[in-house]
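As written in TrEMBL, here are the features:
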SIGNAL    1-23  signal peptide
DOMAIN    116-329  domain 'Alpha/beta hydrolase fold-3'
ACT_SITE  S205  active site
Amino acid sequence: MVMASPALLVAALCAFLVAAGEAREEAAVGASAFRSRGTDPNMEVKFDFSPFLIQYKSGRVQRFMGTTFVPPSLDARTGVASKDVVVDRGTGLRARIYRPSRRAVVGGGGGRLPVLVYFHGGAFVVESAFDPVYHSYLNALTARAGIVAVSVNYRLAPEHPLPAAYDDAWAALSWVLENARPGAGGEPWLSKHGDASRLFLAGDSAGGNIAHNLAMRAGQQSGGAARTAIRGVALLDPYFLGRYLSPGAERAWGFICAGRYGTGHPYVNPAALPAAAWRALPSPRVLMTVSGQDRLGPFQRAYVDALRGSGWRGEARLYVTPGEGHCYFLNNLASPKAAAHMATLAAFINGS
């Protein structure tokens with residue numbers, strides 16, 4: 001089967017979530033007879049989450065994107081090396097670690113570099129840390145920012161509905177902090193080159209949602225290492241919702257979390273958080289990026305407004321790219337707007 005570019009399909013997320021509910025219901029009437037194939041539960045549709053996947057009544061899930069695997073490598077263009085690690089054998093949680101060229105490591109202030117924990121997008125249901133789009137993006141970001149990056153391959157819905165991805169994020173952060181301790185005998189790329197006192201969280205779309213909720217969880221851990229380690233959170237066109245949603249958006253969120261949380265829950269509508277919860281956010285700095293044509297933009301801006309108005313003592317920066325759609329910066333890394341977006345993220349990590 002010939003499939004569209006994964007990054008281009010990810011860019012369809014907000015169009016589906018916010019506007020496509022009514023149109024999809026009309027299409028479903030004509031498509032259901034074709035897809036049901038009688039009473040065969042392995043072919044009868046339970047939930048149509050196009051363009052991402054279809055779940056059948058047997059439990060089988062057919063994904064239309066994000067299934068391509070590219071192995072870790074030494075990237076010829078950037079000099080960045082990568083390798084895969086197991087974070088939790090019990091859940092199967094894995095991650096891909098990126099280390100910049102040896103010249104960058106040597107020049108990185110005593111050999112120690114900021115550590116970025118990154119979460120990919122994909123509506124919580126598709127994509128992986130091993131997809132070619134994210135592999136290219138993390139190679140470029142690692143080289144541009146001069147960091148050690150850990151790209152987390154969290155579990156996906158519907159097989160593992162939320163909060164599985166949030167639990168995986170916490171497990172990954174705990175693993176990073178443990179392995180970044182000098183002399184701990186852990187993962188050498190972290191223990192020898194990572195600076196756990198300069199730890200950043202970031203993610204795009206659903207990954208931005210995960211990064212936010214991970215930071216909030218860390219803020220609830222009084223005196224914990226995670227609370228004091230996080231120096232910044234970068235939310236790149238994050239998947240947040242709010243009021244006035246289409247029926248399709250509500251159904252999609254219910255599918256992602258197996259009906260456990262409504263669309264007013266702070267997991268997906270952080271603007272609903274009380275001011276006291278915002279003030280517990282441990283990061284002193286937050287970067288929010290918004291693409292001008294992203295229909296999730298109002299919810300992303302509401303996040304910044306709520307954070308700034310809560311009495312939180314940190315610095316929240318809003319970076320807007322006019323005329324671009326959801327997560328455009330993943331598609332063409334060499335474009336001027338995508339390059340400027342990455343430069344902004346790199347500068348945020350490096351403290352400027």
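In case you wondered, yes, glycine gets a Cβ from its N, Cα and C as well.
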Practice item. Take the Cβ of the residue listed as 'active site' and count every other Cβ within 10 Å, whichever protein chain it belongs to. Key: 29
Practice item. Kindly state the mean pLDDT of the domain 'Alpha/beta hydrolase fold-3' (116-329) in the predicted structure. Key: 96
